[in-house]
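Have a look at this one.
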């Protein structure tokens, strides 16, 4: 049997004393009771006691539907005849109308560049003003930016408009998973952070249906109608954000304990007053513990001490979504058309693929129930690596006759991605980051994702464009290689976080527990306060 030892630091004494000064002598017992209750809860108990938290988490995550809708518009528009005529040029022969590789790169990168800056701004503003008001302001700005997109007269204006919209999408992408992870207990965190990815899949499925429906339209309205549909989201989501309770963790971080208690009450279902007091005590204890382990709450602090490892995990896990080949296989419509597939068939196949993505994301909740985050991520990356290499081999060995089998593999890739890497990355970044630094850590993870995406989109535009490198299916070799590198990293560096409270994760990271020992380690964050004599000691468990 393996023995795992976890050291409980002497700083626990300072944390316990501070908690009792703020909330009374019974606060330690209450905090421990809240932690024990979270571990003992069944899924149905957690849903009953936190049903309002589930509702508001789902509502706030709906902002991701809008981001998911837009992210595949531009990439699919390159295969749109009317869009190519408006923003491209006629290369003659079988090539016909094409948006040049340079403009494809600019249009693909525009919203990503905006997203980088939007995410960084969200990290600052969410820490200062809370999640609700940042979301309301972002939706208001986006409502105006859509006008610029809709009336863009040329490719340069469209690039500028996409950058502006990207500022807001960067906020949505980092705010929603952070909010979901903070309003729900341990048993529900995995489901509601991965629901963010389901919202993404819903948006992309809607976009695929709209794109297929508008394909026969002649003239500029063929691509303008999909843009205009984005106006359906901002106003309702502004109302939802205004009515939603603020994250109690944010309120505790800013030392507004009375407001935090009111927020916990609004987020609760069947919780008693004693349970609400206990939950508040646990939050205060966790924040105070993190404050002792890591001083400061700036972007630089994310790269100091024990938080450096947590930031690495958040950033690499999110970058893995891109390096798994998503630029190539996630929206393969343009790849299919340049490889010779008829346009309507390419969009039909894309619509079916997005349906499989939706199904995969729904089924991911079943995986989360029975398997750990690490297992799902590592296994998913291994499968995606193999699929990408097979697509490359098919292109070399079969040529055009391998197009439909490659299409089927792209659909299978998308299903596997949506079942594993896609949703689970949101859970990993939301749960691995420390509570005090969460808005900043999630933003850094998303920024790493976006910067990787920029490089990926540049490479994809040149790899697939028939006027540039024209790699076609051979791109699978390159993306298979990057996916394999992430698989190696995840196997050795990604810890198992399933079933851990934030306090327990703080202690595991503070003690530099190896990634593959997380699941076997036992931690009692309140042992010192409830044992006599109170002294630094070691907890040992055998499995």
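Keep in mind that glycine also has a Cβ here, set from the backbone N, Cα and C atoms.
TrEMBL annotations: computationally assigned, not manually curated.
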Which one of 101-121, 269-289 shows up in TrEMBL as transmembrane segment?
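Within the set 101-121, 269-289, TrEMBL attaches transmembrane segment to 101-121.
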Looking at 191-211, 231-252, 406-429, 441-463, which one has the highest count of Cβ pairs under 8 angstroms to the transmembrane segment (313-331)?
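The listed stretch sharing the most Cβ pairs with the transmembrane segment (313-331) is 441-463.
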Which one of these stretches, 158-179, 191-211, 375-394, has the most C-beta pairs shorter than 8 Å to the transmembrane segment (351-368)?
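Checked against 158-179, 191-211, 375-394; highest Cβ contact count belongs to 191-211.
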